[in-house]
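Taken from TrEMBL, the feature FAD binding site covers A:ARG211, A:GLY267, A:ILE268, A:SER269, A:GLY270, A:ALA271, A:ILE272, A:GLN273, A:HIS274, A:ASN288. According to TrEMBL, the domain 'Electron transfer flavoprotein alpha/beta-subunit N-terminal' annotation covers A:3-188.
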Amino acid sequence: MSVLIYAENAGGKFKKSIFEAVSYARAIADQNNTSLTAISIGDVSADELAALGKYGAQKVLNVSGDKLKNFVNQAYASIIAEAAKKENADIVVLSNTFSGRGLAPRLGVKLEAGVADGAVALPEQNGGKFTVKKTAFSGKAFAVVELTSANKVIALVPNSYKVVETGGAAQVEDFAADTKASDFKALIKEIVRSTDKVSLPDAEIVVSAGRGLKGPENWGMVEELAQLLGAATACSKPVSDAGWRPHSEHVGQTGIAVSPNLYIAIGISGAIQHLAGISSSKVIVVINKDPEAPFFKVADYGIVGDAFEVVPKLIAAVKEYKASA
Amino acid sequence: MKILVCVSNVPDTTTKITFTDNNTQFNTNGVQFILNPYDEIALSRAIELTDGGKGTVTVINVGDVSTEATIRKALAIGATDAVRINAKPHDAWFVAYQIAQYVKENPFDLILTGRESIDYNGSKVAGMLGELLDLPSVSIIKKLDAGDSDATVEREIEGGKEILTIPYPFVAGTAEGVAEPKIPNMRGIMSARTKPLTVIEPVEVKTFSEIISYETPAPRGQVTLVPADDTAKLVELLHAEARVI
């Protein structure tokens with residue numbers, strides 16, 4: 001018995017969501033008095049790999065190779081499943097990223113494991129029952145799922161578990177796993193990463209705007225506020241449907257679900273479908289000229305006022321705060 | 001081209017979610033069920049790709065008889081025929097296993113699902129089908145262009161996108177951007193009544209997960225309102241009280 005964490009890299013670096021997942025996996029290993037091994041696939045430096053020890057990984061299996069430099073869903077799943085067998089791991093943890101969501105179901109089948117996707121808390125293990133709390137109904141509720149299989153796969157939602165530093169460097173070992181030619185049928189032609197903006201699923205602060213902004217030409221102040229706060233920009237469904245902003249910014253029930261520390265909603269009324277996607281935000285600020293907007297009912301802080309007057313003033317206030325800090 | 005679109009029957013997006021029996025059952029009382037919005041995108045793209053006699057679109061659902069209204073809606077939108085596997089969808093593994101058995105007997109060039117269902121949000125059926133059928137799978141695609149022997153898809157990644165070519169057959173989960181959802185017209189609605197809907201019985205399979213209970217998000221406290229001309233106060237509160245900046 002042991003725990004295996006898949007440490008996904010983005011361009012050779014681990015993001016905070018991976019340190020969260022390693023910390024989470026460490027806590028599960030502690031629950032079971034067992035060891036934690038991490039596996040990394042791709043092109044990651046030895047220092048970066050050893051640093052996973054800081055969050056509680058005792059050993060890191062490093063898989064590299066030309067064909068494995070970029071994410072190949074099938075091949076990566078085969079390798080992680082082999083590593084789980086080698087390490088005698090009965091619990092495999094991933095981060096619930098876009099790639100993680102591709103891997104978890106394949107691993108579930110390979111390992112004959114129950115899969116808890118979208119996990120938001122540590123498992124509870126009582127009287128032989130292993131249960132995990134996960135998001136359900138697109139953020140409108142949570143479901144407590146019992147995994148009844150011997151092997152288990154858990155995908156942790158980013159920003160739902162704190163990074164815990166336990167100290168120590170991990171021992172890094174090269175690991176070679178067998179892959180089949182059929183694992184490499186999907187070919188990556190191009191990877192486009194925008195480096196100048198904070199990515200929405202990773203963001204700790206999100207500045208989001210809706211139809212109250214009246215048109216795409218008015219997004220300058222939203223972007224300025226986001227840039228000042230180191231935030232990602234987002235929008236409501238009508239805005240992306242109208243083509244004012246790309247679909248990748250649409251937050252809500254049929255868009256992306258986010259759980260930032262701070263969500264600032266500007267000119268969004270707060271329809272139930274939008275609220276579903278942001279309900280696990282830690283602090284919500286609403287700026288809307290309609291005091292009856294439903295969004296105020298779930299907000300922590302609110303300003304009733306015209307976005308075109310309030311947002312420039314807020315930008316000025318943030319600048320002043322940053323200058324004095 | 002033969003395309004299979006896997007569809008699920010989910011509560012309408014405006015549903016207020018509540019539970020009964022000591023929070024162990026989803027309260028379906030008064031709930032309107034719809035074709036999962038992401039599956040609607042998959043279906044719409046499948047119809048575009050086969051338009052003008054270039055292929056067929058089969059929809060498949062694992063559900064009891066109550067899902068037939070949703071299946072008929074998919075036929076009205078333009079699917080060629082439909083299959084219902086007569087069982088409650090216990091979990092993603094159960095659903096994927098049933099569909100995989102069907103596909104083993106009835107092969108397809110392309111299998112589409114929605115990126116996730118809006119009830120349990122697992123994003124699992126596409127990947128599980130891929131693994132069960134030993135096919136490539138790609139979850140959460142934003143674009144799908146079909147060539148003769150392969151397709152080009154755009155997959156979302158954090159802060160960017162990846163463009164892949166994948167030979168048929170493969171499995172993909174579709175998100176917004178792949179197609180505009182089609183609305184059934186009168187002719188579609190009329191013809192849906194007579195299109196073939198085959199009901200087959202499930203095969204037995206062991207399951208690995210059970211939902212034990214549900215919780216609703218903790219209610220938030222009263223909103224603290226800040227005057228519109230005092231944005232400095234808001235910044236102060238976010239820094240000193242909420243500690244988020």
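Using N, Cα and C of the backbone, Cβ positions are placed for all residues, glycine too.
Quick caveat, the model's predicted, so the values are computed rather than measured.
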Using Cβ atoms and a cut-off of under 8 Å, determine which of the binding-site residues A:ARG211, A:ILE268, A:GLY270, A:ILE272, A:HIS274 neighbour chain B, and list them by sequence position, or give 'none'. A:ILE272
Binding-site residues listed as A:ARG211, A:HIS274, least Cβ neighbours within 10 Å: A:ARG211
If you draw a 10 Å sphere around the Cβ of A:GLY270 (FAD binding site), how many other Cβ atoms fall inside it, taking every protein chain shown into account? 22
Using a 10 Å radius around its CB, how many other CB atoms surround A:ILE268 (FAD binding site)? 31
Under a three-state reading of DSSP, tell me whether A:ARG211 (FAD binding site) is helix, strand or coil. helix
Taking the Cβ of A:ILE272 (FAD binding site) as the centre, count every other Cβ atom within 10 Å, in any protein chain shown. 15
Site extent for FAD, whole Å (max Cα pair distance, A:ARG211, A:GLY267, A:ILE268, A:SER269, A:GLY270, A:ALA271, A:ILE272, A:GLN273, A:HIS274, A:ASN288): 18
Hey, does DSSP put A:GLY270 (FAD binding site) in a helix, a strand, or just coil? coil
